[in-house]
């Protein structure tokens, strides 16, 4: 105890105590942690083999892994084992595959024209197997055909199918021939002498205005219809009078109400 007391008293009077303590802390911080086994090796103890607890761990790791790899995919059926009751071994397929022609058929539904209290209905079935874009193109084509009926008579058109599609042409109509019964001592009027009113398509007709400030209305069938087919498609016929044909054209062009207010029709 006396020696320990003397050491403590000496350290208290030691002027470089703080520096020595700092150097000791720095050395301890740089010192790597080592296992007892490694410390024994540094001390010069000759250890040719690792301790038993290290060997046991290494042996278990090296033996378990190859065993798992060797057992994968090496199932060998036991030929001498008893067969399972109810199991029938089927013969293996040993024939060669042959090419077989496959034909995809579809039931085409024909267009149907129906009549009911609301009028006539035409039903067109959509072709099978169309993609979304093809379906849209098909619908637009049908719509275009329907809208074209405003400008010509579809029933009078010719239909031609080609490799690229369909061609519809306006049929050139021949003038309608009607029998005229002559009347004695009378002179036929211009409308009676004309076999087809469309022959007067370039002849203008004048309607007088109801007000003096307006100019007379002069118009012809050629200005109201682009062709005889268009004239026929909206209800015209060759036996109409010239005036009736002009009035039909005004109604077709939606000008009749305006003309009726301003002119004597």
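Just so it is clear, glycine is given a Cβ too, placed from its N, Cα and C backbone atoms.
The feature region 'Disordered', as given by Swiss-Prot for the ranges 28-69, 196-237, sits at 28-69. The average pLDDT for the region 'Interaction with the Nucleoprotein-RNA and template-binding' (245-265) in the predicted structure is 90. Classification of residue 226 (phosphoserine) by DSSP places it in coil, neither helical nor stranded. Taking Cα separation as the measure, residue 226 (phosphoserine) is nearest to 233 of the recorded positions 138, 141, 233. Annotation for the modified residues 226, 227, 233: lowest Cβ count within 10 Å of the residue's own Cβ, 226.
Residue density at residue 138 (site 'Involved in oligomerization'): 14 other Cβ atoms are found within 10 A of its Cβ, drawing on all protein chains shown. The two recorded residues, residue 233 (phosphoserine) and residue 227 (phosphoserine), have Cα atoms 10 Å apart.
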